[in-house]
Amino acid sequence: MKRKLDANDVPSAEVAEGKEAKDADNTDFENLNLDPRLRQALIKEQFTKPTPVQSKAIPLALEGKDILARAKTGSGKTAAYVLPILQTILQKKAADPSLKATTGLILVPTRELAEQVQSVITKFTAFCGKDVRSVNLTQKVSDAVQRTMLADYPDLIVSTPARVIANLGSSALALDNLTHLVIDEADLVLSYGYDEDINALAKAIPRGVQTFLMSATLTSEVDTLKGLFCRNPVVLKLEDKEDEGAGISQFVVRCAEDEKFLLTYVIFKLQLIKGKVIIFVGDIDRCYRVKLFLEQFGIKSCVLNSELPINSRIHVVQEFNKGVYDIIIAADEQEVMGARTTFKKSKEITDGDEEETRDKMGSSEDEDNEPEDNDKKSAHPEKRRKTSGKGKDYGISRGIDFQNVACVLNFDLPTTSKSYTHRIGRTGRAGKAGMALSFVVPADEFGKHKPTSFPTAKYDESVLAKIVKRQAKLDHEVKPYHFEMKQVDAFRYRMTDALRSVTRLAIQEARAREIRQELVKSEKLKRHFEENPEELKQLRHDGELRAARIQPHLKHIPDYLMPSKGRKGISSENVGYVGFTKQSDNRIRKAREKNRGKGKGRKPSGVRKVDPLKTFNRGRK
């Protein structure tokens, strides 16, 4: 059932894209001939003008063409495929109101992205909800409930490939009437370990399905999907000035392993970075080590990892985007634990053909799918790889639409330049400036401080060389950032005290405690919060875990430690004068005096005061 793409057809598709591109700037939502109900929803959501990917993709999609689009996260890719699918469904329902069939399938690599896509569909169907039904199969419900949801033949399904195959196997889902297939973040779907599911799905879907492949990068994995599902697709490569690091100031700091914590403390306590920050770390333990460390100094932060319930993860991202939280500590587990292994490429494609394909499609991979020295991999990452299946459908460095992120802090450097590009893509979006700061451990410093050591830091220097090379090709510079270490060293003893409190046992307790707390918030209260949405705002995810020994004095910075510039930055000019004596009367003391005047609290008259020392009688022997 595999539908291989004829190599001769690819250039003609790209020519078609060039023709469409001429009129793209003049396109408006009014000119796209969308259903009035969809246009009304767009107005409600304040969509005024289509983005480049929308203006190019929607007309082509309405003509029934397969589309392979390269556009960055946050460029409007979701609306580019959701709107034409909804338009087609509404047209079919207008012709036959009794029609009940699943005609659209949207595949995504992670649960977070599935929830995000479902949210967009809900907004666009605000005025046609009775005519269009959509279901998110990644929700944490029983198989019986999911079977009931599918029994009514929803028009549109959002899911990971694994959930689709599971429901196909149990006959709960039928794809006989499928007309639209979308694979969002296509380059990740295969590298997240869904290769077997994708192959099974290619055999299950009917011929002639219109396919959308959406990705931030066009890699060999996307080429594999194109061969499986597409028929002479139109290739849209949207070269945006903001793409892949433009507008982002990139800095790197060479430091020892324990100095990562020292510099992080100084950055946040002295407020060297203004705005929202995402801290990327290697695994879940590192998440809680950094969180507990920052707690010692009264710095609040949220943790985001695959152990937390999906509802909690989604709520954290939503509240972060609203500005409720300023710091998120995210575990980029898929990247570090090796779950992003490359898809087994077809043996029919030779190395030369593959390289030619990458050049054609603008691959962002720089021959660095694995950490350096594959034959010298440490045993530690291999052990972690066993647990990677648990977070298979979790991913935070790609796909999720973080908004107004001022800085990405690579606390642990990723193992590939591709992952680095995806991480820094969380900032500097929508024309705004952003900053990426990465900590790099020199080879001679690796392993010197075992409590804070992380296995992948062994490859930091070689990975950095690839990152610099990759960014140079894109005309971006990775600059060294130098801290004034004489001033920073003044904080070292405080960092050492705090780090000593964050033991392995404290980290385990913190993990267990937060999971218990989030499970209560996520599961038991889910329905309550659906009925009372205002109370959901009261839920906080940045509370202190208090698993480590708290030292209150660390929350205060003495003036003698503060550099003169930093003292001005932190101290507020508007703080009023606070005297040594209290000017206003004490409320309780005032009440006592009033009561005494009324006779309350007085001792009965005639009772003489007794001096216990004068009335003390020595007992007889």
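Every residue number used here counts from 1 along the chain in the order it is shown.
Glycine is treated like the rest: Cβ placed from N, Cα and C.
Per Swiss-Prot, these features apply:
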- 1-30: region 'Disordered' (REGION)
- 16-25: compositional bias 'Basic and acidic residues' (COMPBIAS)
- 27-55: motif 'Q motif' (MOTIF)
- 58-236: domain 'Helicase ATP-binding' (DOMAIN)
- 184-187: motif 'DEAD box' (MOTIF)
- 342-393: region 'Disordered' (REGION)
- 364-373: compositional bias 'Acidic residues' (COMPBIAS)
- 581-621: region 'Disordered' (REGION)
Helix, strand and coil residues within the motif 'Q motif' (27-55) as assigned by DSSP: 17 helix, 0 strand, 12 coil
Mean of the pLDDT scores, which run from 0 to 100, over the motif 'DEAD box' (184-187): 86
Secondary structure content, the motif 'DEAD box' (184-187) (per DSSP, counts of residues): 2 helix, 1 strand, 1 coil
